[in-house]
Amino acid sequence: MVAIRYEDIVKVPKALLHDHLDGGLRPATVVELAAEVGHELPTTDPEALGRWFVEAANSGSLERYLETFAHTVAVMQTAPALRRVARECALDLAADGVVYAEVRFAPEQHLEQHLTLDEVVEAVVAGFVEGSEQAAAAGTPIRIGTLLTAMRHAARSQEIAELAVRHRDTGVVGFDIAGAEAGFPPTRHLDAFEYLQRENFHFTIHAGEAFGLPSIWQAIQWCGADRLGHGVRIVDDITPGPPPVLGRLAAYVRDKRIPLELCPSSNVQTGAVASIVDHPIGLLRDLRFRVTVNTDNRLMSGTSMSREMALLVDAFGYGWKELQWFTINAMKSAFIPFDERLRIIDEVIKPAYGKLLA
Ligand SMILES: O=c1[nH]cnc2c1ncn2[C@H]1C[C@H](O)[C@@H](CO)O1
Ligand SMILES: [Zn+2]
């Protein structure tokens, strides 16, 4: 087999379902925006700041990992700042060969300078539109859908769900809950999920990352999640083989084709898995779960979609066939309409991988 080159992974089309806007800022942008608002950073050298984020996020605990977001959220409190961050996000993803991305953030965390929730969403969506237009002009087209996140420790999920539905025709394609998982089960937000189902809207839930099977079970069987954010702890319901034996919940997730938004580097940093080679993605792929590969937080992990793919190539010996499978899985699981998903699969993804596979 011909070795896969990193620059070819960058060129090939990729689809990304789980990426946080406030976890993907350019370090130089954090420095500039912090200077404008007088926010104190651990260092004002962009390179050193990039390293600081990765080291601080390498904490082995989700709670400590999340503390690093104080510095990004602090500089994302005005419409121009939100718009800039979203525009740069679109450009960075497109330059990395991402052709479809769903990017999420929590509007309730961006109200410190008195923006309304609607103004926050409008600024971010405008930034994505602007960035996508610039990316298309540069020859790297990207389609971006926005997901609105509610923080699971707070009590604004119904309000954020209504906000998402209000903006469904202008860029918002889904809803999510995030934040510390232990002690904050998805059923705390059942009203919001039931509302979204009545609205025929889409949602994913961060579940099975820092907490195990009960969280996944609630997300799917109580709340009706379309996808699982991480969901990596589903392996706790698989008895190692050979052959591996699936418990009832694992079988349900696999057989219903519920997409797993796996984020390899992030999982190592929060201690959910020991290392990339130990990541259950290998087992879950072999068992034909609907596995997708994601970045989670590019700044905190010092990563990109191409880098996550390359890490899996190194750890599991994957080739273009597997990278295409992950990409098509993600595209099939996207929250945009079916005909748009199919168009990207048939006209963008398959022709590009077809050339490499030939
Ligand atoms: O991996 C994660 N698990 C739970 N919460 C997360 C993760 N990555 C980011 N967040 C939180 C921190 C952000 O401020 C928030 C919205 O993007 O979502
Ligand atoms: Zn996440």
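FYI, residue positions are counted from 1 along the chain as it appears here.
From the backbone N, Cα and C atoms, a Cβ is placed for every residue, glycine too.
Across all of the domain 'Adenosine deaminase' (13-350), the predicted model scores a mean pLDDT of 97. For 13-350, the entry in TrEMBL reads domain 'Adenosine deaminase'.
Summarising the annotation, TrEMBL assigns Zn(2+) binding site to His18, His20, His206, Asp296. Taking a C-beta cut-off of under 8 angstroms and a sequence separation of 6 or more, Asp296 (Zn(2+) binding site) has the following same-chain neighbours: His18, Asp19, His20, Gly23, Cys263, Ser265, Ser266. Classification of Asp296 (Zn(2+) binding site) by DSSP places it within a strand.
When other Cβ atoms within 10 Å of the Cβ of His20 (Zn(2+) binding site) are tallied across all protein chains shown, the result is 24. Sequence annotations record features per position, and here TrEMBL assigns substrate binding site to His20, Asp22, Gly179.
A coil conformation is recorded for Glu209 (active site, proton donor) in the three-state DSSP classification, outside any helix or strand. Sequence-distant neighbours of Glu209 (active site, proton donor) (same chain, six or more apart, CB under 8 Å from its CB) are Leu62, Glu181, Gly229, His230, Gly231, Val232, Arg233, Asn267, Thr270, Ala272, listed in sequence order. Annotated active site, proton donor per TrEMBL: Glu209, in sequence order.
Taken residue by residue with DSSP, His230 (site 'Important for catalytic activity') is part of a strand. Take the CB of His230 (site 'Important for catalytic activity') and look out to 10 A: across all protein chains shown you find 28 other CB atoms. TrEMBL lists His230 with the feature site 'Important for catalytic activity'.
Geometry remark: His206 (Zn(2+) binding site) versus Asp22 (substrate binding site), CA distance 16 Å. Cβ neighbour count for Gly179 (substrate binding site): 18 (other Cβ atoms within 10 Å of its Cβ, all protein chains included).
Proximity of the binding-site residues His18, His20, Asp22, His206, Asp296 to ligand 1, judged by a Cβ distance under 6 angstroms to any of its atoms, singles out His20, Asp22, His206, Asp296 in sequence order.
Following the DSSP three-state reduction, the secondary structure of Asp22 (substrate binding site) is helix. Proximity of the recorded positions (Gly179, Glu209, His230) to ligand 2: a Cβ under 6 Å from the molecule is found for none of them.
Non-local contacts of Asp22 (substrate binding site) by the CB criterion (under 8 A, 6+ apart in sequence, same chain) comprise Phe69, Thr72, Val73, Met76, Val85, Phe105, Ala106, Gln109.
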